[in-house]
Amino acid sequence: MTQAPEPERADEQTILSQLPAGTRLGRVLRGDARVYHVLIDGEVIQAAPRGRLFEELGEVRTPVAVGDRVAVSLDGDPPGVELVLPRDNYLSKVSSSHDPREQILFANVDQLINVASVGQPGFSSNRTDRILAACEWQEIPASIVLNKVDLDARGDVEGIVETYERAGYEVIQTSAEKREGLERLRAKLDGKTTVLYGASGVGKSTLINELYGMKLKIGKISRFWSQGKHTTTFSRAIPIDGDTWVVDTPGIRVFRLYGLNKGQLRHLFPDFAPYNTKCRFPNCAHDHEPDCAVVNAVEAGELATSRYLSYVEMLDELAPPPEDVATYGETGEESEG
Ligand SMILES: Nc1nc2c(ncn2[C@@H]2O[C@H](COP(=O)(O)OP(=O)(O)OP(=O)(O)O)[C@@H](O)[C@H]2O)c(=O)[nH]1
Ligand SMILES: [Zn+2]
């Protein structure tokens with residue numbers, strides 16, 4: 001199954017008591033490797049990461065992620081991020097096609113909502129399937145908001161909803177324009193930290209402003225939403241009201257999962273689960289093997305072709321599992337289920 005990190009609950013008081021006086025806990029709103037904006041008791045502090053945070057980075061590009069809970073020493077100039085508390089969860093991707101290192105997009109969230117639209121821009125199943133698989137990998141609850149349903153002249157909505165509900169994902173249909181579905185979305189967001197992931201122009205800002213526009217009190221932060229076009233390639237955590245936070249992600253063109261191999265991908269498509277154990281080969285990659293239950297299900301119309309195509313495209317990008325050479329094609333093994 002997936003190998004997401006076990007959530008660790010840090011005893012924040014214990015950690016704080018071991019740090020120098022003048023150190024405070026806060027949450028990272030945004031930043032790059034040089035300076036982070038940290039919300040500490042309602043105030044945004046700019047802090048620089050201490051050098052030792054970079055010492056054990058390994059393949060991770062930056063030591064601090066948006067959403068991290070961090071300890072900041074306020075007496076320095078600039079104040080310093082001394083420590084990153086253990087993460088409940090996080091989502092990372094391959095940095096870029098030129099940079100194979102791990103880029104952590106955000107940490108410590110309750111859920112991710114993939115915001116998509118019909119009409120303009122049209123629905124991208126590839127984009128959706130990639131982020132849903134990533135959430136399965138990191139065990140982050142994921143659902144879908146399908147916005148601009150008022151523009152559904154082609155009648156795409158029904159098929160999209162059916163595909164994803166069959167795969168076990170909640171799909172909330174909204175129209176920010178006609179104010180439809182907003183209450184349901186609000187109930188989903190209230191009191192939680194939610195990542196809004198979606199292509200530019202699907203209506204993320206409009207939806208949030210419709211729901212919470214009047215409540216964005218922190219001037220610096222509320223302006224994020226009115227900028228229209230994103231100027232940075234970084235995520236931003238936005239405190240909205242009480243325990244409600246939204247994390248805005250940059251317009252990522254292709255999300256490539258970090259640290260995954262070919263053998264693990266099939267477990268990240270929940271709709272494949274009933275078929276994964278029924279292929280002729282227990283370790284079937286559902287790619288070119290004979291008697292593949294997944295391919296048969298696609299041909300029979302039981303599984304969405306679009307989901308399968310996303311799977312195959314992602315599969316192509318991944319390295320084989322270490323044991324693949326030894327076991328590939330062997331029969332008579334217990335299937336792993
Ligand atoms: N017809 C229709 N238009 C919408 C709806 N929601 C948003 N729009 C329009 O879509 C455009 C893009 O909306 P934004 O809220 O800026 O989209 P975004 O996802 O925040 O885009 P970025 O800021 O680039 O990430 C705007 O012109 C909105 O008015 C909707 O439900 N129906
Ligand atoms: Zn198969």
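Using the three backbone atoms N, Cα and C, a Cβ is placed for every residue, glycine included.
Note: TrEMBL annotation is automatic and uncurated.
The shown structure was predicted, so the numbers you read here are calculated from the model rather than taken from an experiment.
Feature annotation from TrEMBL assigns GTP binding site to Asn147, Lys148, Val149, Asp150, Gly198, Ala199, Ser200, Gly201, Val202, Gly203, Lys204, Ser205, Thr206. Per TrEMBL, the feature Zn(2+) binding site maps to Cys279, Cys284, His286, Cys292. Per TrEMBL, domain 'CP-type G' is recorded for 101-255. For 107-253, the entry in TrEMBL reads domain 'EngC GTPase'.
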- Task: Filter the candidate list Asn147, Ser200, Val202, Cys284, His286, Cys292 of binding-site residues, keeping only entries whose CB is under 6 Å from an atom of ligand 2.
- Result: Cys284, His286, Cys292
- Between the two most distant Cα atoms of the GTP-binding residues Asn147, Lys148, Val149, Asp150, Gly198, Ala199, Ser200, Gly201, Val202, Gly203, Lys204, Ser205, Thr206, the distance in Å is 18
- Query: Given the recorded Zn(2+) site (Cys279, Cys284, His286, Cys292), which additional residues of the same chain have their Cβ within 8 Å of the Cβ centre, ordered by sequence?
  - Reply: Tyr275, Asn276, Arg280, Phe281, Ala285, Asp287, Glu289, Asp291, Ala293, Val294, Val295
- Among the binding-site residues listed here, Val149, Val202, Cys284, Cys292, which has the most company in the form of other Cβ atoms within 10 Å of its Cβ? Val202
- Query: About how far apart, in whole Å, are the alpha carbons (Cα) of Cys292 (Zn(2+) binding site) and Val202 (GTP binding site)?
  - Reply: 36
- Message: Near ligand 1, which of the binding-site residues show up if the criterion is a Cβ under 6 Å from one of its atoms? Options: Val149, Cys279, His286.
- Response: none
- Task: With Ser200 (GTP binding site) as the reference Cα, tell me which of the binding-site residues Cys279, Cys284, His286 is the closest one.
- Result: His286
- Message: What does the structure give for the C-alpha distance between Gly198 (GTP binding site) and His286 (Zn(2+) binding site)? Integer Å is fine.
- Response: 28
- Message: Measuring Cα to Cα, how far is Val149 (GTP binding site) from Cys279 (Zn(2+) binding site) in Å?
- Response: 38
